[in-house]
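Database features (Swiss-Prot):
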- Gly84, 87-88, Thr92, 94-97, 112-120, Ser124: 5-phospho-alpha-D-ribose 1-diphosphate binding site (BINDING)
- Gly84, Asn115: anthranilate 1 binding site (BINDING)
- Ser96, Glu230: Mg(2+) 1 binding site (BINDING)
- Arg170: anthranilate 2 binding site (BINDING)
- Asp229, Glu230: Mg(2+) 2 binding site (BINDING)
Amino acid sequence: MTITPQEALQRTIEHREIFHDEMLHLMRLIMRGDLSPVMAAAIITGLRVKKETIGEIAAAATVMREFANHVEVQDNSNFVDIVGTGGDGSHTFNISTASMFVTAAAGAKVAKHGNRGVSSKSGSADVLEALGVNIDLQSEQVAASIAETGMGFMFAPNHHPAMKNIAAVRRELGVRTIFNILGPLTNPAGAPNQLMGVFHPDLVGIQVRVMQRLGAQHVLVVYGKDGMDEVSLGAATLVGELRDGKVHEYEIHPEDFGLQMVSNRTLKVENADESRTMLLGALDNQPGVAREIVTLNAGTALYAANIAESIADGIQLAREAIASGKARAKVDELVRFTQQFKR
C-alpha cells in the first residue's frame, strides 16, 4: 500500500518508521520532482529528527541507484570504491583521492564517486581538476577509464541528474539530511567492495548494515575518533566490516600496523592547489604524515578490494606502490587518458 506524503510526515513526527515499500514510493516522488518543496523539506527534516533507520536508508539508496546513470563495468573482481560522506569539518587534503592512485597501482580497480567541495576546502572533483584530470566524462568513458587505467572518477552531478529536484530544498535547509549519507551508498558503477568514511560514530554500524542489505561483498566503514571520515593516524578508528554477509565491529590503532600516532593538524589545506601539492608529495614518497595516512588508507582499501589478506598486508603493498613510483605514475596515466575526451 502506498503512503501519502502527509501520512509519512505524521509518521516521522510520531517517531515511527516508514516501511521499505513506502520509502521507495516517497523517494521516487522526490527524485521525480513530484513532491512540493515544502513537503519534501518537511519529510527529510522529520526523518533527520526521528533518526533514519537502516531500512529507510537502504530503501532511499535503492531508489537513488534506480535513477542514476550507470557505469557498466565488465570485470567486478578486486573492484572497490574509496569514498567519504564528507562533512567531518577537518579540512584535510584529499586522502581518499590520493589513496585511489595507490590502490590502483597495487592492482585493484577503483571507481571513485565524488563531487566538488561543499563542507571541505577541496572536494575530490576539485583536486582531480587541479591535477589536470578531465572529470566531465560520459558513463562509457568512465568504464573505458576503469578498464584501461584501473581508475574511474564519476562526477556525481553527471550520474545523479534527478538530485536537481531536491537540490534547492537541501541548499535552503542548510542542515544535514538523509541525502548527506546516500552518496557513498550509490556508486554508479556498482563497486561491490568499499572503504567508506563517515562523519559520525553512529554511522559506522548503520552504513555497514545498509550496505549489507544492498548486497555488497566486502565493505569497511570507518570513523576516526578524532572526527575524521578516514582511517586516522591521530586517534583510534572505529571499523564496521561486512565480509561474507556478516558484520563485525572493532577498533584499530596506528600502532597496530607499526605506525606512529600523530596529529592530523598538519594535513589541513585551504584550497585545491594546496591539496594537490600535499597529494603529490605523498605519492612522490616524501616522508611525513601525508604519506603515512595515504599508506594507511590505501592499505585498508586494498584489504577491502580483496587484493590484500589483511590491512597490515595492504599497508605493505601500498608502501611498495608508492616507493616504486607506480602510484605517482597513475596520476599521469589518468590525466592522459581522460584528456582525450575533453569537449
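Keep in mind that glycine also has a Cβ here, set from the backbone N, Cα and C atoms.
If you take the C-beta of Arg116 (5-phospho-alpha-D-ribose 1-diphosphate binding site) and look for same-chain residues 6 or more apart in sequence within under 8 angstroms, you find Gly123, Ala125, Asp126. On a Cα basis, Gly84 (5-phospho-alpha-D-ribose 1-diphosphate binding site) lies 7 Å away from Glu230 (Mg(2+) 1 binding site). In space, Asp229 is the closest of the binding-site residues Asn115, Arg170, Asp229 to Gly84 (5-phospho-alpha-D-ribose 1-diphosphate binding site), judged by Cα positions. When the C-alpha distances from Asp229 (Mg(2+) 2 binding site) to the binding-site residues Thr92, His113, Asn115 are tabulated, the minimum falls on Thr92. Least crowded of the binding-site residues (His113, Arg170), judged by neighbouring Cβ atoms within 10 Å of its own Cβ: Arg170. Less than 8 angstroms from the CB of Ser96 (5-phospho-alpha-D-ribose 1-diphosphate binding site) sit Ile82, Val83, Gly84, Lys112, Ser124, Leu195, Gly197, Glu230, Asn297, each of them six or more residues away in the same chain.
Note: the CA-CA distance between Thr92 (5-phospho-alpha-D-ribose 1-diphosphate binding site) and the residue listed as 'anthranilate 2 binding site' rounds to 24 Å.
For the binding-site residues Thr92, Asn115, counting C-beta atoms within 10 A of each C-beta gives the highest total at Thr92. The Cβ neighbour count for Glu230 (Mg(2+) 1 binding site), using a 10 Å radius and every protein chain shown, is 27.
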